[in-house]
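In what follows, a single structure is set out as structure tokens and then discussed.
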Amino acid sequence: MRYTVALTGGIGSGKSTVSDAFADLGITVIDADIIARQMVEPGQPTLNAIAEHFGSELIAADGTLRRRALRERIFSHPEEKAWLNALLHPLIQQETQRQFQQATSPYVLWVVPLLVENRLYQKANRVLVVDVTPETQLIRTMQRDDVTREHVEHILAAQATREARLAVADDVIDNNGAPDAIASDVARLHASYLKLASQFVSQEKP
């Protein structure tokens, strides 16, 4: 198994900004959210299964999934969320493993929004948390997704707390400021992870 840095953070924390910065340095990024989105693209069997289960009204005229409508449907129906997870999670895990096997960079950045909630941090060598204040999360998510404050507050209430994420963190990037401040933090961590990955490889060798 390649040395793995798990990246997590709450909604609106800026995980994509951070993961893009690592990708720019040549690091393989495996993003659970991106894999999940690919699973429900038009033509995928999973999208057909979702349409059959929830109804064709969740499919837009262009054949794509109406994600917001699906989110709203499962948010207030735990049993529907459980059904969707049972459908998607095995496929996401399978694709994640495939991408790990194909990775070529010295270490892999594994982006997992629900790392703490699903206790997946146990599968990583190191945990990097993108940290912002709850108020920053609210403002960014409202602007990005064009949703109400109440909607975002419901999402935040369902996610792990800021304290719970920080409790499992080995490294933290403070993303409350300007996005261009991220690059220097990522460069510093990248240098550290290269050393750790090298040590990991030498320990793995017989």
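In case you wondered, yes, glycine gets a Cβ from its N, Cα and C as well.
If you look up Swiss-Prot, you'll see G12, S13, G14, K15, S16, T17 marked as ATP binding site, on the strength of sequence analysis. Within 10 Å of the Cβ of T17 (ATP binding site) there are 16 other Cβ atoms, across all protein chains.
Among the features that Swiss-Prot reports, domain 'DPCK' is placed at 4-200.
Residues near K15 (ATP binding site) in space but far in sequence (CB under 8 A, at least 6 apart, same chain), listed by position: L7, T8, G9, V111, P113, V130. Following the DSSP three-state reduction, the secondary structure of S16 (ATP binding site) is helix.
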